[in-house]
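Asker: The structure's right below; bear with me while I get my questions together.
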Ligand SMILES: CC(C)(COP(=O)(O)OP(=O)(O)OC[C@H]1O[C@@H](n2cnc3c(N)ncnc32)[C@H](O)[C@@H]1O)[C@@H](O)C(=O)NCCC(=O)NCCS
Ligand SMILES: Nc1ncnc2c1ncn2[C@@H]1O[C@H](COP(=O)(O)OP(=O)(O)OP(=O)(O)O)[C@@H](O)[C@H]1O
């Protein structure tokens, strides 16, 4: 089985590209979705997060208040790394289970959508890497627009990741996502075609 890593930065367009990948029938394992599943109430990581950050980060229904936790960790590197230390092992485990399931039912290709593929040193999990790239100005603009963040909030989130420009040389292929979504799709199809994935 061929495992393709799809990465980028916050709001660079990974979900946009991952939807296009699903449209051509290739399954996608999404680390952001799994990251939500493993912190549901009752999961091991949930308990650890509450122990570490206190009940102040819970909503009224006792689920994790994501905006609140985000405001803490994206303004404090040490706390962000503590959260990563709690959540990432559970994410990795679940990603491996999902890959195995896709393999068992006969899939020859699977894409792993992992925003922190390089930062978390997870490149060993994948055979090839596609980077979804935009310049920092567009990244910030789209992030502010999508999540209604202030300029400061958007900057803090972008600064918590490896600069996208440094990821270019670490990837096998780069999709430039500055233009129309159709142009992004054409770049993707060209790469998938080159790798005999279509
Ligand atoms: C801090 C949390 C609660 C904020 O939740 P929120 O719903 O606002 O954001 P969401 O999870 O949808 O993430 C949005 C984007 O933020 C970026 N991001 C998320 N976590 C991190 C992190 N620890 N470090 C750097 N960037 C991150 C990614 O690009 C991601 O695609 C949440 O992101 C979290 O639990 N993060 C830790 C787990 C993690 O590293 N997830 C990233 C994928 S492995
Ligand atoms: N080519 C494009 N032109 C205009 N807007 C775009 C384009 N690509 C993506 N967007 C918009 O930019 C925002 C970020 O894109 P998307 O959600 O796909 O990024 P992401 O990398 O998955 O983000 P995150 O890491 O935060 O999950 C979205 O609102 C999306 O609709």
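Using the three backbone atoms N, Cα and C, a Cβ is placed for every residue, glycine included.
Residues or ranges marked as ATP binding site by TrEMBL: 11, 12, 13, 14, 15, 16.
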Asker: Ranked by the number of other Cβ atoms within 10 Å of their own Cβ, which of the binding-site residues 12, 15, 16 ranks first?
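Answerer: The largest 10 Å Cβ neighbour count belongs to 12.
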Asker: How many other Cβ atoms sit within 10 Å of the Cβ of residue 13 (ATP binding site)?
Answerer: 22
Asker: For residue 14 (ATP binding site), what residues in its own chain, 6 or more apart in sequence, show a Cβ-Cβ distance under 8 Å?
Answerer: 6, 7, 8, 113, 115, 132
Asker: I want the residues beyond 11, 12, 13, 14, 15, 16 whose C-beta is within 8 angstroms of the mean position of the ATP site's C-beta atoms, in chain order.
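Answerer: Near the ATP site, the remaining chain residues are 8, 17, 132, 177.
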Asker: Where does residue 16 (ATP binding site) sit by DSSP, helix, strand or coil?
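Answerer: The three-state answer is helix.
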Asker: What count of other C-beta atoms do you get within 10 angstroms of the C-beta of residue 11 (ATP binding site), across all chains shown?
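Answerer: Excluding its own Cβ, the number within 10 Å is 25.
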